[in-house]
Structure formats: structure tokens, C-alpha cells
Amino acid sequence: MDIERVEQVRAVERLAHRRGLALMPRAGLAAADFVAARLPAGAQVLALAGPGNNGGDVLVAATLLQARGYRVAVVMPAGPARLPDDARRAWQDWCAAGGQASADLPAHAPALVIDGLFGIGLARPLGGAWQGLIDQVNAWRVPVLALDVPSGLSAASGQPLGDPPGRPVRATWTLSFIGVPAALRAPGAAAWCGEQYLSLLGLTPAFLAEAVGPCGQATATAARRSGP
């Protein structure tokens, strides 16, 4: 079976950590390659960086895209103060490359947005400020690449978080890492996820099977679906 539950993804991440495998640089590279395959160098890219590791992924992508000649702006509404260790290193690399961050969206729409606000771990409704930011991004009607899951969408249910439901990022593409939660394949999630892609981050089927154990082994099916 495929890696299709959030807890399976977490199990893979834990094994990678124990083995000393840094997945964030791989995720950021996969995102940067995805954008570069669809947008010419010199175009304006807006990277939305949240307060967790999803934000770290997008910061790695931002640094790589800037090095490739893209005009990259980073918006980090919560700032860098509480970033986890790996994401903090990604932030430091972005700053070392001359990058800066703003708390607010720019006045004009970019050519493409990378959504790295919240990942598969988000289980609470979006607050008012986050919702306002997402509404503005959606109103731009520009291509959006969501990393892991569109921010504001539950990876467990495939439905918008909140009661009443909020309004997630409406992605053109969703690039999942390691596995695609089954809920994101449900018909109701498609309107938010757009086209769905999977990157295994260079992890082998044997590694995935070891991580999730005999109750949820990943097979070569996942490998055949990998890559942006």
C-alpha cells in the first residue's frame, strides 16, 4: 500500500531523523525544481513561510530559486522567532543569501505563489489574520504551489478546517512529500489541491517499508508515482 496516512509520514520522518537524513533540503529542492519546470527564470515568486517546518521547506526553495535567477519575496507573518531548528537553519541560509522577509503581502500579485504556511500537522482553524492573508492570495488568481497540503485544509479529513469551515489556499498544484494522505484524494479535496504530485525525497521503498512497519508497508507503487 502507499504511504497515505499522516502518522505514516511522521514515522518516515522519525526514521530519517534517526538515520541522520536531512529531509528539509530535499523537500526545498523538490519544490524549487517543480517551480523551475513551470516558470522562466526572472519571474516573480512569492514564498509564504509559516511558523513550522513547512515554512522551512519553502525557505529552502526560496534560497534555491533566488540563486537560479528568480525574483523571490518571502512573506513570514509570524516571523522567525519560534521556528524549529531545521527551519531556523533554512531561515539563516535565506538571510545569508541576502534574503529578507515581510510580515505583509505585497501590493501586486506575483507570477506564482508557493504556499508553505501550514503542513499536514495543522488541526486547528485558521485565525482571522491567517484567513485574511489566504483570502488575498486566492483573490489574486495566480498559480499556487502548495507544499504538503493547501494551508487551511485538513490532511486527515480532506475538508477545510473550522466550524463553520474556513477557506483554504486554493492551489493549482499540491506537491506532497513522502506520501499523499488518502483524504487529499477524496473528491471534495480536489477543489483545493488542484493537480497532485508526490516526491519521495530520494527515499527508497525499502526505507519506507521499514519506517511504517508490517501494518502499512509502502510498495513500489509509491515509487512509480514519485517525482514532480
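Here the Cβ of each residue, glycine as well, is placed from N, Cα and C on the backbone.
Residues ASN54, ASP115 are recorded by Swiss-Prot as K(+) binders, and the candidate that the same record lists for that site, out of SER102, SER151, is SER151. Swiss-Prot lists ASN53, ASN54, GLY55, GLY56, ASP57, GLY119, ILE120, GLY121, LEU122, ALA123, ARG124, PRO125 as binding (6S)-NADPHX, and of ASP33, ASP104, ASP148 the one it places in that same site is ASP148. Counting every protein chain shown, the Cβ of GLY55 ((6S)-NADPHX binding site) has 29 other Cβ atoms within 10 Å. Cα spacing between GLY55 ((6S)-NADPHX binding site) and ASP115 (K(+) binding site): 9 Å, rounded to the nearest whole number. Checked against ARG124 ((6S)-NADPHX binding site), the binding-site residues ASN54, ASP115, SER151 differ in C-alpha distance, with SER151 being the nearest. Checked against LEU122 ((6S)-NADPHX binding site), the binding-site residues ASN54, ASP115, SER151 differ in C-alpha distance, with SER151 being the nearest.
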